[in-house]
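Only one structure is covered here, and it is reproduced in the block below.
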Amino acid sequence: MGAILVVLALLSLLGLGSANLNPLDHDPCLDFDPENCTLTFAPDTSRLCGVLIKCGWDCRSVEITHNNKTWNNTLSTTWEPGVPQWYTVSVRGPDGSIRISNNTFIFSEMCDLAMFMSRQYDLWPPSKENIVAFSIAYCLVTCIITAIICVCIHLLIVIRPRQSNEEKEKMP
């Protein structure tokens, strides 16, 4: 009995026993849902609508295809009337198999809404008046954010307790 225990101990120390088995790494591509993508819309020109499609940052083998453009994980494309209202998401598994999902989305309604909202608030198409307003607003917001950061850094430096080594040694 003692000899068997010695042999098992030596096998486990040498890595030949079952005590040294490593669990398989979890592949995020196995759980990836090709239909769970994020779409963002913005006016690109007076007629085109910019579309940003993001899918699966955890899985590197995701390919998105729309209007003959293919890219990994994020695809920036444009939509206009006549362009297909679907995009394809394909995920390559660890065994080489490919899962494909053809997603149909209401590009026309979302782009119409984005264009309508930008036109309603005179944000699109750009004009001299709103470009100047945007530039001034951008400069003001940048100055405010910079001031907030400077105040925070100043407060961090001023409020931080300054204890010398002698004071630390006197503490109980």
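Heads up, the Cβ atoms here are built off N, Cα and C, so glycines get one too.
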According to Swiss-Prot, C49 takes part in a disulfide bond; indicate which of C29, C37, C111 is its partner. C111
Quick test of your reading of Swiss-Prot: among 78-82, 88-92, 168-172, where does it put motif 'Di-lysine motif'? 168-172
Just choose from C29, C55 the cysteine that Swiss-Prot connects to C37 via a disulfide. C55
Measuring Cα to Cα, how many Å separate N36 (N-linked glycosylation site) from N102 (N-linked glycosylation site)? 12
Return the member of C37, N72, C111 nearest to N102 (N-linked glycosylation site) in space, with distance defined Cα to Cα and candidates limited to these recorded positions. C37
Among the recorded positions listed as C37, C55, N68, N72, the Cα nearest the Cα of C111 (disulfide bond) belongs to C37
Can you tell me the three-state DSSP label for C111 (disulfide bond)? helix
